[in-house]
Number of protein chains: 2
Amino acid sequence: MASNSSVIRASAPKLENVDELIDSVETFLFDCDGVIWKGDKLIDGVPETLDMLRSKGKRLVFVTNNSTKSRKQYGKKFETLGLSVGEEEIFASSFAAAAYLKSINFPKDKKVYVIGEDGILKELELAGFQYFGGPADGEKKIELKPGFLMEHDENVGAVVVGFDRYFNYYKVQYGTLCIRENPGCLFIATNRDAVTHLTDAQEWAGGGSMVGALCGSTQREPLVVGKPSTFMMDYLANEFGISKSQICMVGDRLDTDILFGQNGGCKTLLVLSGVTTLDMLQSPKNSIQPDFYTNQISDLLPIKAAAV
Amino acid sequence: MASNSSVIRASAPKLENVDELIDSVETFLFDCDGVIWKGDKLIDGVPETLDMLRSKGKRLVFVTNNSTKSRKQYGKKFETLGLSVGEEEIFASSFAAAAYLKSINFPKDKKVYVIGEDGILKELELAGFQYFGGPADGEKKIELKPGFLMEHDENVGAVVVGFDRYFNYYKVQYGTLCIRENPGCLFIATNRDAVTHLTDAQEWAGGGSMVGALCGSTQREPLVVGKPSTFMMDYLANEFGISKSQICMVGDRLDTDILFGQNGGCKTLLVLSGVTTLDMLQSPKNSIQPDFYTNQISDLLPIKAAAV
């Protein structure tokens, strides 16, 4: 396929020796959309595959850049699809934002200003941080009179920005003031995804647009806690004392999931059950090669069981 | 001042030979805030200076990245301050957006979607283009039901983004759909300023935040028509058949006004009546040197007149 390219790049091999992969891995990190489900439909063989991995003592972690829900709220989606997944197994970027603040011992007497939805607030609450903003600021407007000044809380030590369908100028200005004027104020992004899947009828402008707005007004770059930043992998490795080479990232997107795994020093498995086709993987234009690819995660099941 | 720097960079000289500068220039481009006025206060000697330059047959152009007003609306600010400036002398970035579309013969059967305020709509109207969006979309919300799809007009051939205090997710998604899905759709920014001066009590998040949001969701870079892009200079040079070396850009900001002038191949004069101090200009950290600097534009007046 790459024969007319001057540099022949080896394309990732199909996963053949399943047992060897499973034996070498302590933790499987799964992207959700395109791996576990597609829209609102579970992908074939997922429950059996997860059960099998659990029976072998593997740790399972479900990673999503969706910050609109907390881990608990996100768990309901798994429940609805008949999957039994504990909330401690879900790493949503809303949780990652709170976990990051914990990891740096963000002071409990400082506040977090949130541009985003309910999930971020819920995770900050659980982590014991002071916070405000979010949906409550969705209807706020700026009344411009000559000399008008927007006051802001000088105790805000971090602004967390995620996807926010109630995004407005009030929030942009408030967050900008905190980042620009409060010494040392952190600028944290849950993710910079260009698109998100609010509904499966079309692609929707993602968290990257809210983050881009704040970058434009502050001239600062955020610290990103969701994919493809490696914060979640570092966190897992620290929290559970596992080596990153014993983590396998399983995803359907080359430039987010697989890159995320590689950036973190993990094994990587691409599944073709989502947006990436075999042609795309093997195209000479593609420079991101996972360790292995396979059709879907149920390929991890022993052949007999998969045929049931 | 730069003696402890290993590379001695010559700092710009103070303007001494005023007549030589005036004689060599056909058109003076003035930034407004910090040059003509400060907030709502006219800077000393401005009316006399403009009169003197006009009496010598110089073309005067007032350049502003403010896109919320049309040229006509912006002209009222001059009038209020007692300056008689024609609207054809005002180059607001709202006008620049319409002028750019004219310059590329943007088809009259295509439409322009506007994320921005009234000034852009007014200039598009004057230029005879079809447009929609702007303030009318400020209250629109997205009602999310499963399977919901936002329809968009496939006839939109350009999205113009400027400062918009009624910015919301509806506009982000609408503009993103046009840019991403309409073949050849242009993405035009009036400016990418981090800050704007809605009121003089504080700095406000500028047009850069609206533009940054669209960059984040489209993964595209805009064509910028305001400063520091050289579109306005190119336009002037073409429209009036003048050489850019006969244009002098007068401004108070090094990284916008002076850089803008230099990018366009013009002469540059920094005035210290705005945000830049002599120390900032002469700091070893500053790499942008105008051709000359002076205190304020009334230094262009003959010494006797200035002493009046």
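From the backbone N, Cα and C atoms, a Cβ is placed for every residue, glycine too.
Within B:ASP200, B:ASP234, B:ASP252, B:ASP255, the residue that TrEMBL lists together with B:ASP31, B:ASP33 for binding Mg(2+) is B:ASP252. Apart from B:ASP31, B:ASP33, B:ASP252, the residues listed for Mg(2+), the same chain places the Cβ atoms of B:CYS32, B:GLY34, B:VAL35, B:ILE36, B:GLY251, B:ARG253, B:ASP257, B:VAL271, B:GLY274, B:VAL275 within 8 Å of the centroid of those Cβ atoms. Using a 10 Å radius centred on the Cβ of B:ASP252 (Mg(2+) binding site) and all shown protein chains, the other Cβ atoms total 22. Every protein chain shown contributes to the tally, and the Cβ of B:ASP33 (Mg(2+) binding site) ends up with 20 other Cβ atoms within 10 Å.
Each residue contributes its Cα atom, and for B:ASP33 (Mg(2+) binding site) and B:LYS227 (substrate binding site) those atoms are 14 Å apart.
Proximity of B:LYS227 (substrate binding site) to non-local residues of its own chain (separation of 6 or more, Cβ distance below 8 Å) is seen for B:ASP31, B:VAL63, B:ASN65, B:SER93, B:ASN191, B:THR256, B:ASP257, B:PHE260, given in sequence order.
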